[in-house]
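Feature annotations, reproduced from TrEMBL:
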- A:12-32: transmembrane segment (TRANSMEM)
- A:44-65: transmembrane segment (TRANSMEM)
- A:72-89: transmembrane segment (TRANSMEM)
- A:95-118: transmembrane segment (TRANSMEM)
- A:125-144: transmembrane segment (TRANSMEM)
- A:164-184: transmembrane segment (TRANSMEM)
- A:213-234: transmembrane segment (TRANSMEM)
- A:254-284: transmembrane segment (TRANSMEM)
- A:296-316: transmembrane segment (TRANSMEM)
Amino acid sequence: MTSLPSPRRRLRIGPGTILLAALAVYVIAILWSGNTQFLRPGNILGMLTRAVALGITAVGQTIVILCASIDLSVAALISASAVLASVVMGGSTTMIVPAILAVLLLGMVVGLVNGLVITRLRVNPLIATLGMAMVIQGILSAVVSNFAGEVPRSFRSFDSGTVLGLPVSLIFLGLVAAGASAILNWTRFGSNIYAVGGNIDAARLAGIRTDRVIIAAHLLCSLCASVTGLYLAARLGSGAPWIGRDGMYDLESIAVAVIGGTVLAGGRGGIWGTMAGVAIFAMIDSLFNVLGVDAFAKQVLRGGIIVAAVAAYAIGSRRLVA
Amino acid sequence: MTDAALPRPRRLSRLLRVNPIWLVLLILIGAIVALNPDFTEPQGYMNFLRRAAPLCILAAGQVFVLTSGGFDLSVGSTITLTVVGASMLLYNNEAATWWVILAMLGAGGVIGLVNGLVVALLRVPSLIATLGTMITVSGIGLMWSGGAPRGYLTDGFRAAGRFMWRDVPVIGLLPAALLVLIGGGAVLWWLMHGTNYGRLLHAVGDNPEAARLAGVPVARVRVLAFVVSSLSAVVAGILLGGFSGVSLDVGTGYELQAITAAVLGGTQLLGGRGAVGAALGGALTLTAIFTLLNFLGLPQPVREVVQGLILISAVALAVCRRDA
């Protein structure tokens, strides 16, 4: 037996390191600017609550990226789900359950079609979901052009309610993340996702039905996006055909997953890294507000930060990327 | 493999080798002419070519990045920056036209260089890297103009997109944009298919590791591909500014249209195969589809649905053809 050379110890940068660095920058910047009230628990909770929509979407996005796929249709699906929810509810409490069911059904259909186009027609996932985004957005814009429908007051507690002093939406995000993490870590389906993302040919030869895994991952991702649509309808009181696109949920969910250490090529990463990425984005936004950074300068810095965070992982990696 | 086992009749195989995009384009042009006979007048088809020119240049530039195995999502905001920046710099001063064009090309070169260096040296996937530049560049455009662009594009600057020579023998009309398209297309075609660089680019896109081991300067080849794409975006921006004027969303959506056009032309995503001529065909086809939908009186949202469906089916068909 030839012994393999032991891997060289390198400085490994993980999502935890980046989260700690971001936290340190956040605290120092706030102490420096003298706005210490932003370090109170209430403000921190508020900051995290503003990231719930991105967080739920990013959980789904992480799952598809782990099996080496990607979903660019989430933003359009979020808009469509929010509009569908508020139109079906139409302000009446009795329609809440049918609206939720309709939205989840929409999410499942979109996820199923995405998965089938990718696996059966073997269309590159980027193109398949981009095309899906255009189809959803086009239909949606043809049907509604402004805020449509209304969400009843009771449904708005999905956003504004609290349990034991914690916001309901934040608890919900925690449950979604914990559920997804449990599926990925403790079920056969979860390990199949990592196997398919790591090496799809090896996974197939090992007897995994790779197509089913990819389709199921897309189903979960679209379900997460449609739930985000429900949440945004609760927060805004009504759905509009541009809320997903304006939030840039498609690209931002990919960015937070990647910042959280999930590799775009698939097979490596996890939900908690993504949650760290979401927290980092929330801190950046909050910090810009505290320091009074101009809205446009904010955008410039944001682009740079995304690239810098991803570049930080590449330190010590010799793999070529496309 | 099945190709070797079962040789097809020669005439059929030669027919199959013609890129089907040209056939599709012919059919679409036929449909447009059937709906609107005015299209056969110089005014009709020259206007069509003028409108298609920016997308053609942009798609031809995008092919370089796609062939290298990456994506360039920053071209849309580069177009916007070109138009907004030029209007800010020109400020209605006709004499400034030439150096403003040079300055914009310089800015495009810098954007491409940053994209390329971030991908090649920092090893950030191009999807994320160019997404970052997309956000940053559009932020720069907003900051520079304060959210509402001031100044105007001078007539000299707008000439490339707007000017038409009249009473030209044989063809009647000759838009300046068509000359830019032919010139730009020829340069990009030569770079891809007539130089060693084009071959190196294909090698890098097909298998970067193998290319590196064979001594290809992978990083340099990649950086140049991003620079070519960004420069093509600046040229497209100059053309678009010429006929649509100054606004903050001139470039919106063009990155996806450019990728769609290249894919329609048979460019393979994730690298290794791409042709400039076919991308031009793809861009013309996409513009023809939009023209046709316009003639049919379909509203903008329907165009989006159709573009989405075309994108998916083009790639699905390409996969089928490759396996057949």
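Every residue gets a Cβ built from N, Cα and C, even glycine.
Against the transmembrane segment (A:213-234), stretch A:95-118 has more CB pairs under 8 A than any other of A:44-65, A:95-118, A:164-184, A:296-316. Taking every recorded stretch in A:12-32, A:44-65, A:95-118, A:254-284, A:296-316 and counting its Cβ pairs under 8 Å to the transmembrane segment (A:164-184), the highest total belongs to A:44-65. Counting Cβ pairs closer than 8 Å to the transmembrane segment (A:44-65), the top stretch among A:12-32, A:254-284, A:296-316 is A:254-284. Tallying C-beta pairs under 8 angstroms between the transmembrane segment (A:95-118) and each of A:12-32, A:125-144, A:254-284, A:296-316 places A:125-144 first.
If you look at the transmembrane segment (A:12-32), the same-chain residues 6 or more away from its ends with a CB under 8 A from one of its CBs are 38-39, 259-261, 272-273, 276-277, 279-280, 283-284, 286-287, 290-291, 309, 312-313, 315-316.
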